[in-house]
Amino acid sequence: MSMTDLLSAEDIKKAIGAFTAADSFDHKKFFQMVGLKKKSADDVKKVFHILDKDKSGFIEEDELGSILKGFSSDARDLSAKETKTLMAAGDKDGDGKIGVEEFSTLVAES
């Protein structure tokens with residue numbers, strides 16, 4: 001399954017384009033722009049599993065840094081600052097990684 005099976009390619013392209021400048025990434029705006037906020041809980045979980053590149057059941061910091069590439073291969077990596085901000089927002093239990101429920105909460109709070 002690819003991201004475009006779940007989300008509009010046009011919405012993804014617009015959202016990626018909105019955050020091309022370094023340190024401009026805003027996960028709340030991004031999740032809204034790609035249409036993730038409007039998706040069912042099942043679809044949000046499917047997106048999580050696409051972003052969980054190593055299939056560990058968690059999105060770790062290195063995967064988080066390349067989260068935009070999970071939506072579009074030609075997107076940029078997040079800066080260290082953006083990655084840490086996103087991890088702080090999503091890692092509710094403080095274990096240094098984001099689980100599927102934490103990701104679902106992160107999207108719901110967008």
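Yeah, the Cβs are placed from backbone N, Cα and C, and that goes for glycine too.
Swiss-Prot annotations:
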- Ser2: N-acetylserine (MOD_RES)
- Ser2: phosphoserine (MOD_RES)
- Ser8: phosphoserine (MOD_RES)
- Ser24: phosphoserine (MOD_RES)
- 39-74: domain 'EF-hand 1' (DOMAIN)
- Asp52, Asp54, Ser56, Phe58, Glu60, Glu63: Ca(2+) 1 binding site (BINDING)
- Ser66: phosphoserine (MOD_RES)
- 78-110: domain 'EF-hand 2' (DOMAIN)
- Asp91, Asp93, Asp95, Lys97, Glu102: Ca(2+) 2 binding site (BINDING)
Residues within 8 Å of the Asp52, Asp54, Ser56, Phe58, Glu60, Glu63 Cβ centre (excluding the Ca(2+) 1 site residues themselves): Lys53, Lys55, Gly57, Ile59, Lys97
Neighbour count (Cβ, 10 Å) for Asp54 (Ca(2+) 1 binding site): 10
Distance check against Lys97 (Ca(2+) 2 binding site) for the recorded positions Ser8, Ser24, Asp54, Phe58, Glu60, keeping those with Cα within 10 Å: Phe58, Glu60
Euclidean distance between Cα atoms of Phe58 (Ca(2+) 1 binding site) and Glu102 (Ca(2+) 2 binding site), Å: 9
Those residues of the chain, 6+ apart, with a Cβ under 8 Å from that of Ser66 (phosphoserine): Lys53, Asp77, Leu78
Other same-chain residues whose Cβ falls within 8 Å of the Cβ centroid of Asp91, Asp93, Asp95, Lys97, Glu102, the recorded Ca(2+) 2 site, in sequence order: Phe58, Gly90, Lys92, Gly94, Gly96, Ile98, Gly99
Where Asp95 (Ca(2+) 2 binding site) falls in three-state DSSP terms: coil
Integer Å distance between the CA atoms belonging to Phe58 (Ca(2+) 1 binding site) and Asp93 (Ca(2+) 2 binding site): 13
Three-class DSSP secondary structure - Phe58 (Ca(2+) 1 binding site): strand
